[in-house]
Amino acid sequence: MLACLLLAMPALAKPTVILTDQQAAIRVDTGLDFLHDPDGSLTINELTSTAFSQQFSNTGTAGFYVGLTDDTYWLKQRFDYQSNVLAWYLQVLGMDEAWVEVYLQPEGATPIRLDPEPYFLYHTYPLAVAAPGLYTLYVRVQDRNDGLGLGFRFTQAEQRVNIHHIIFYTLISGGLLALGLYNLFLFASLRHASYGWLGLGILAINLENSRYTGLLHQYLPVWPEYAQFYAAFSFLALLGYIEFFRDLLGTRHYFPLLDQAFRVLFWLLVGVLINLAWLPFAALCYTILAALVFTLTAFTMIRLFFTPIKLNKKLSWGFVVFILGSLPALLNGLYIQLGFVFGLPLLLLTIFLFALLLSLAQTDHVRLLREEAASAKAANQAKGDFLTTMSHELRTPMNAVVGAGSLLRDTGLTVQQRSYVDKLEIASRHMLALIGNILDVSRIEQQALSFEEIPFDLTVIAAELEALFAGQAKDKGLAFSLKAPAASLWLQGDPTRLKQVLMNLLSNAIKFTEQGRVDCSLLVEEEREDLRVVNFAVTDSGIGITPEQQAHLFQPFSQADSTTSRRYGGSGLGLAISAQLVKQMGGSLHLESALGQGSRLWFRLEFPIAKTLATTLATVPSVVASQRLNLTAAAILLVDDDVLNQFFTQAVLEKLGMQVTIAGSGAAAIQQVQQQNFALVLMDVSMPEMDGYETTRRIRVMPNLADLPIIALTAHAIAGERERCLAAGMSDFLCKPYQIADLQMTLQRWLR
């Protein structure tokens, strides 16, 4: 870059700098003598010899600026010291952490090496002048981190530091330190990663600024062979900036391709940071990468401006301030010299304002995210409450429908009437299954889905599935097979949820298969000491699914297309629920399908072996059977405010031989138990004025009623309802609508 200048001006004479008492400071940027020392082998004694005195070249009217090189250069400057009392200093400007050696040679004497003063700015050397006269300065320089260029400044003691600059630099540095620590504190408190990245970026850029302000240079030793390490602060700041902006601008969500570009630059910066020890001219690399990052950021913000997404105004202003304020420094980093006098103060002020505006923008962003999260949580809670209420309101009349169907079945029906009852039962089961699915979706979204850990026999589940679906497949003319272990296999887990998943898969397989077969397998794939890995699979020869349709098949209310719903029916909830249930049981639901060739859905789960409990549970049915009691003439108090439920529950109880008394409210129930002895109370929990929970609590404090069996009747099929009933003092729990067999078993359990 300076080669042409070197050849054109081999030995121009230049004036000697005169230092007097009347001068405060003298700046020397042009007319500098210099000598190229490529391998850095020249010594000061060789340089001052006659052989080298005529080999210096001169920059003439240009400044000394070589550019990118790791070669060594010597500069020579003569001055006439005419000051009598004031001490003078030499400042070598523009070298920062680069290697500098300064030698002073009195006229006709041996040169001596000057030691730098550990003051505020780099490379400030006291001129050890004993008397007035002519002196020559020899300055040896080398910069392996940045472009090589410098200037000299002769200054009196009181002028070596501009106190206004020091105050300004200190305020900027203190402000950046406060902002950085504030963001790190918020990161530690809120665990929001963008605060951490912003805090890291601000602190790193503050340390980088210390290179130019000189506030910390006495604590950072100068190692010319490792000068590139000083650029680490810049790279850390840029890394923090990238991750902060990715989060703030939402590139991951709104602009995946731009986000990928940011990630590429991030890992490129990481690679450069790791290899700083071997990377020459790290400062230039940083400048280029920084220019790419800010260009990409500007492009992203322009894209956001043309979208419905609201752009943070503080962020926009911060970016404008940064671009305008850092432009001179950026051009200087690319070796485009503007000669801008206030470049450093302007850059520092720009960085502080930029960090301040980013911090404010981040605060607004997190506040907005919290408001949106709170709003979403409230909406989700409202939806959950609505679904819970609707479930209760639907299950209550469904209890009467199921009860009516059960009572009708045991009357003398014609063939046609029995057909009607069968269809009523099928419709009721479908309605209940749909209500259950909607509730499960709500529980999954609220992360309130609960799982049991109880012993179960895998072969029993297989037998139940075969009993339920073999007939359905036969009615459609489909072949059906089910493979399971031959001997009982007792495992620990949630049999209800497992059976729910398999029933959903088999129901869909039969529904969407017009001809061919449906196969189900529940086979042990791996045996460990106390663990079994079971593979579950359902295969059909049905309509199949295209790859495009498979992408969203496990989303709620999704089917292959709208015609599927119209032709085959269904809500589209089964597979979404099944996928979530399998995931929460520790597996993953997989789909293999081709259009017109059928489908295969499979998942793999691990279950602990339930050895000791299996033996105990295997004997339970016979024990219960041996303890069946004569329920005739037991006095039952039925507490329910719904007339239809009163009617059908009373009819069922009387059919079982019970003597039934009805109370239409909690107050009536309290009055009845005070006037009459009852063997058991069936308590509806949802009643006006005094609900079943409060009624139970009041009964429990009455004399001689602490052990009265009180069975909760509730349509709230939600997690925690059983626990709430038991906490209120109830003895057991029945969820509406219930089958006659469920009610009978409950009565047998408590009527001793």
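Residue numbers in this text run from 1 along the chain shown.
Each Cβ is built from the backbone N, Cα and C atoms, and glycine gets one as well.
Keep in mind that TrEMBL annotations are predicted by a computer and have not been checked by a curator.
Database features, via TrEMBL:
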TRANSMEM  166-185  transmembrane segment
TRANSMEM  192-207  transmembrane segment
TRANSMEM  227-249  transmembrane segment
TRANSMEM  261-281  transmembrane segment
TRANSMEM  287-306  transmembrane segment
TRANSMEM  315-336  transmembrane segment
TRANSMEM  342-361  transmembrane segment
DOMAIN    389-609  domain 'Histidine kinase'
DOMAIN    635-751  domain 'Response regulatory'
MOD_RES   D684  4-aspartylphosphate
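Across the range of the domain 'Response regulatory' (635-751), the DSSP-based residue counts are 50 helix, 24 strand, 43 coil.
Stretch with the largest number of CB pairs closer than 8 A to the transmembrane segment (342-361), among 166-185, 192-207, 227-249: 166-185. Residues near D684 (4-aspartylphosphate) in space but far in sequence (CB under 8 A, at least 6 apart, same chain), listed by position: V639, D640, D641, D642, N645, G692, L713, T714. Beyond its flanks by at least six residues, the transmembrane segment (192-207) meets 173, 176-177, 179-184, 186, 216, 233-234, 236-241, 243-244, 247-248, 351, 355, 358-359, 362, 365-366 of its own chain at Cβ-Cβ distances under 8 Å. Mean model confidence of the domain 'Response regulatory' (635-751) amounts to 88 (pLDDT, 0 to 100 scale).
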